[in-house]
Amino acid sequence: MTSPNESNKDISSDNTEVNTNAPEKQNSLLAGIIERATKSGIGRKKLNPSAVESAVAKNMADIHSNPTKLRLAFLGGGSFGTAMANLAARNGCDTTLWVRNKRTVKAMIKTQTNKKYLPGYKLDDSLKYSHDLAAAVKDKDIVFIAVPGLAFRETLKNIAPFISGQSIVSLTKGMEKDTFAMMSDIIKDELPEVNFGVMSGPNLAIEIMKNMPSATVIASESEPLRHAVQAALHSAFFRVFASDDVKGVELGGALKNIYAIAMGMAAAYDVGENTKAMILTRALAEMSRFGVESGANPLTFLGLSGVGDLYATCSSELSRNYRIGNMLGRGMSIEAAVKKLGQTAEGVNTIQQVHEKATKQGIYMPITHALYAVIYEDKAALGVALHLMEAGFRSDVEFVMAHDHSNAALTAQMKTSSDSTDDESGDTDSK
Ligand SMILES: NC(=O)C1=CN([C@@H]2O[C@H](COP(=O)(O)OP(=O)(O)OC[C@H]3O[C@@H](n4cnc5c(N)ncnc54)[C@H](OP(=O)(O)O)[C@@H]3O)[C@@H](O)[C@H]2O)C=CC1
Ligand SMILES: O=C(CO)COP(=O)(O)O
C-alpha cells in the first residue's frame, strides 16, 4: 500500500515537480470535451436542455471511467484553494496545489494537512503539493486561482510564460485596488487569449471540509469549460451550477463581503431579525443596482452567487468579513481587526473601491457609503444608521417599479413639512 507521503512524489529533493503524465496523454481531456461538444452541436447558442444534459452526463461518465484524468492546478494555499483542490483530488482528478512558501509545502507533504488555514482536516492522499509555479501550471487542463484579489494580477503575470492551452478559473472574490478591475477583467488584460471562467457561491471553506452539502456556480462563456469544472468538482456533497453571466457571478461574490461586514457590525449591536432582514434585502438591491451599471444581469443576484452567498456570509461567524464587522462593532479599529483576523477579508478593500466608484458614477449605494463613513471617516455608527433610516422614500424592487420622480417629489414634500414642524416646535438644534 502507498503511504500518504509517497503519493506526493511530485516534489523532488530539489523541490521541482516531476511530471508523471506520459507524453501520449498530452491530448487533454478538456480538448476532448471541446471536440465532442462541437461535434454534437452543444456549443450552439440555442440549447436543447435534454441534449445538453445527456452530453454532460456522458462527459461525466467518461471522466469517471477514463484513466486519463483532468489535470488541474490550484494556486493559493489558503483555506479556499486547499478546500477546492481537496475536492478535485477526491474526485479522482490529477490535482496539484501550489503554495508560495517552500516550508509550508514541505509541512503539507509531511502532515497532509494545511496547519495554518484548515488545522485538523486531513487532505486527500492523491493531492500533490508544489511551490514551483512553472511545474504546477505546465501541462494542466485548468488552472484555478485562489489568491487574494490584491495578488491576482501579480500571479497571472508570473504564470503567463507557462500558459499555452490551459483554461483559467478565478475563485477569488475581490476587486483590484484603485483600478476597480474584477478578476475576469485582469485575466482579459494579462492573458487575452485564454479561455476563462469565475466560480463563486456560498462556500465557507470549513463547511466544505466537513462535507456539509454545498453548492456553487461556475460562470463562463465557454460551455466546455463550464462542463469540465462541473465534472471536476461535483460530488454528493458539492453541486456545481452553471451560468454565462461572468460579471454578475463575480460581482455577487465580491459585493456580498461589504454587507457581511455590515451584518457583523449590526450583530455587535444586537439588532433584531427584522433589522437583519432589512439590511440583507436592501444589500441585495444595492448589489443588483451596481451589477446592472457594470453590465451584469440583475436576475443573477437571485442565484447562489448572489442571494445565496449573501445569506451565508451575512449570517455566519465562519465568514472572516462578518468577523471583521463584528470586531469593528465592538469598538476595534479597522487596522487592529485586520491584524487580529490574520486571514483574507476582501470586503475591507472592496468597500473603498465600491464607495469610490459609486460616488464617481452616481450609483445609489447608501449602505456602502454609510459603512465607509463609519470605518474610514470615523463617523459614529448609530448616527449613520439613523440617517440611513431617514433616507426618504424608495421603491422596493426598482426593476419591478422604478424609483421615479414621484418618490423624489414625495421625499422633498415630507422633508419640507418636517422642517416646518421643527420650526414651529422651536427646535433650533440644527440651526
Ligand atoms: N475561505 C473561504 O471560505 C472562501 C474564500 N474565497 C476567496 O478565495 C480567495 C482566497 O481566500 P482564502 O483562501 O480564504 O484566503 P486565506 O487568507 O485563507 O489564504 C490566503 C492564501 O493566499 C496566499 N497569498 C497571499 N498573498 C499571496 C501572493 N502575493 N502570492 C501568492 N499567494 C499569496 C497566502 O499565503 P501565505 O500564507 O504565505 O501568506 C495564503 O496561502 C479570496 O478572494 C476569498 O474571498 C472564496 C470562497 C470561500
Ligand atoms: O466567500 C465566502 C463564503 O462564500 C467566505 O467568506 P469570508 O471571506 O468572509 O470568510
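Each position is counted from 1, following the chain as shown.
Even glycines carry a Cβ here, placed using N, Cα and C.
Model, not experiment: these values are computed from the prediction.
The feature region 'Disordered' is assigned by TrEMBL to 1-24 (among others).
Here TrEMBL flags Lys173, Gly201, Lys256, Asp309, Ser319, Arg320, Asn321 as sn-glycerol 3-phosphate binding site. When other Cβ atoms within 10 Å of the Cβ of Arg320 (sn-glycerol 3-phosphate binding site) are tallied across all protein chains shown, the result is 24.
TrEMBL lists 245-380 with the feature domain 'Glycerol-3-phosphate dehydrogenase NAD-dependent C-terminal'.
The region 'Disordered' annotation in TrEMBL covers 411-431 (among others).
Here TrEMBL flags 420-431 as compositional bias 'Acidic residues'.
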Mean of the pLDDT scores, which run from 0 to 100, over the domain 'Glycerol-3-phosphate dehydrogenase NAD-dependent C-terminal' (245-380): 97
Cα-Cα distance, maximum over Lys173, Gly201, Lys256, Asp309, Ser319, Arg320, Asn321, record's sn-glycerol 3-phosphate binders, Å: 15
Candidates near ligand 2 among the binding-site residues Lys173, Lys256, Asn321, judged by a Cβ under 6 angstroms: Lys173, Asn321
Protein Cβ atoms within 10 Å of Asp309 (sn-glycerol 3-phosphate binding site), excluding its own: 29
Neighbourhood of ligand 1 - binding-site residues from Lys173, Asp309, Ser319, Asn321 with Cβ under 6 Å: Lys173
Number of helical, extended and coil residues in the domain 'Glycerol-3-phosphate dehydrogenase NAD-dependent C-terminal' (245-380), per DSSP: 104 helix, 0 strand, 32 coil
